[in-house]
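Trainee: The following feature annotations were taken from TrEMBL:
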type	residues	note
COMPBIAS	193-212	compositional bias 'Polar residues'
DOMAIN	19-156	domain 'CASAMP N-terminal'
REGION	193-213	region 'Disordered'
């Protein structure tokens, strides 16, 4: 079933993503890249996947007749409402066992983030609800909020990953958990490759063992150690 679904998934990816232009480092616009990646992430979460983002929002910027780049008005209107952020929270962080209700507006969302110790800051000040409704748009405040949302999502996605024996889970950051999980996957791949190599070299095998790291086996190894409820489109996506 997994193999049969692959072409459909690949087709969806082709419809949703274009191969990015690779620019020399001295021409690379880091602030724009960060803005585009952050906006793409929150839109994908809000709409339940990159393939469901409306076509007019997939590219956040446009260039006017004077070669000046601006954010598209429909996207500005969406960001100035609380809808996109609340939908992103509900999609990525459904209500947990503590019964926390999903946020209805930006004020409730900021309170939830503060409760998790993830207060978004812009220009060394906490982002306030008024900053998110300010016209003209304060893009830096919105990017700070998206950063906090991505961190909350990363913490949730890695909450079930194991930690080293004798270590208090609460004392380990989400990125340390993720690095440990990646290290575990690499070790498992190495062990599997060594076992298959020894089987090929064993007498009587005649080199009939299939080549290591076939497609299904790579998928199996990548899923190793990741709780089943987390295997829904990737462990973490942080821009």
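Keep in mind that glycine also has a Cβ here, set from the backbone N, Cα and C atoms.
Quick one: how deep are these features, and who are their neighbours?
Mentor: Shown for the domain 'CASAMP N-terminal' (19-156): DSSP residue counts in helix, strand and coil, namely 77 helix, 10 strand, 51 coil.
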Trainee: Please give the average pLDDT for the domain 'CASAMP N-terminal' (19-156) in this predicted model.
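Mentor: Within the domain 'CASAMP N-terminal' (19-156), the model's average pLDDT equals 89.
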